[in-house]
Amino acid sequence: ELLALDPHTVDYLLGLFEPGDMQYELNRNNVTDPSLSEMVEMAIRILIKNPKGFFLLVEGGRIDHGHHEGKAKQALHEAVEMDRAIEQAGSMTSVEDTLTVVTADHSHVFTFGGYTPRGNSIFGLAPMVSDTDKKPFTAILYGNGPGYKVVGGERENVSMVDYAHDNYQAQ
């Protein structure tokens, strides 16, 4: 319904697409749920009619949620969608009269470790095992968070789990 609107006939719009947070981009229903970049496009198409200009705040809040949950794949796909939204806004506005500010309210202890070579999936295993416990580890790691699991008194062996799953909680 959002994409079917005629922005020339709409002056005010409130879009409530979910009862709480939007779905992660990886889980979004592409038919019924608009993407962040689609919402930005429609917002600008409506707001740009104002001869005095406009202010638009866009938050990619699910990036943060993904990191808090230790779900790197979700968080990174959200960051890519945020990048698309920024690109969409830039293509619809002019650099002469538009100020675009992109920032974060905080960061996360998130690393790409293990000397993972080019071409290796960042959602895969590092090319070596830990020199501490001789177990494999994923290329993406968090310095804190819910992904640390102890199994039988030791760090979980990630080769025994589906570390490529969209909702895998990175160690």
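Using the three backbone atoms N, Cα and C, a Cβ is placed for every residue, glycine included.
Listed in TrEMBL:
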BINDING   Glu59  Mg(2+) binding site
BINDING   Asp64, His68, Asp105, His106  Zn(2+) binding site
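Rounded to a whole value, the Cα-Cα separation of His106 (Zn(2+) binding site) and Glu59 (Mg(2+) binding site) is 13 Å. For Asp64 (Zn(2+) binding site), the count of additional Cβ atoms within 10 Å of its Cβ stands at 17 [all protein chains shown]. By the criterion of other Cβ atoms within 10 Å of the residue's own Cβ, the least surrounded of the binding-site residues His68, His106 is His106. Looking only at the binding-site residues Glu59, Asp105, the densest Cβ neighbourhood within 10 Å occurs at Glu59. Using the Cβ center of Asp64, His68, Asp105, His106 for Zn(2+), the list of other same-chain residues with Cβ within 8 Å runs, in sequence order, Ile63, His67, Ala104, Ser107, His108. Comparing Asp105 (Zn(2+) binding site) with Glu59 (Mg(2+) binding site), their Cα atoms are 11 Å apart once rounded.
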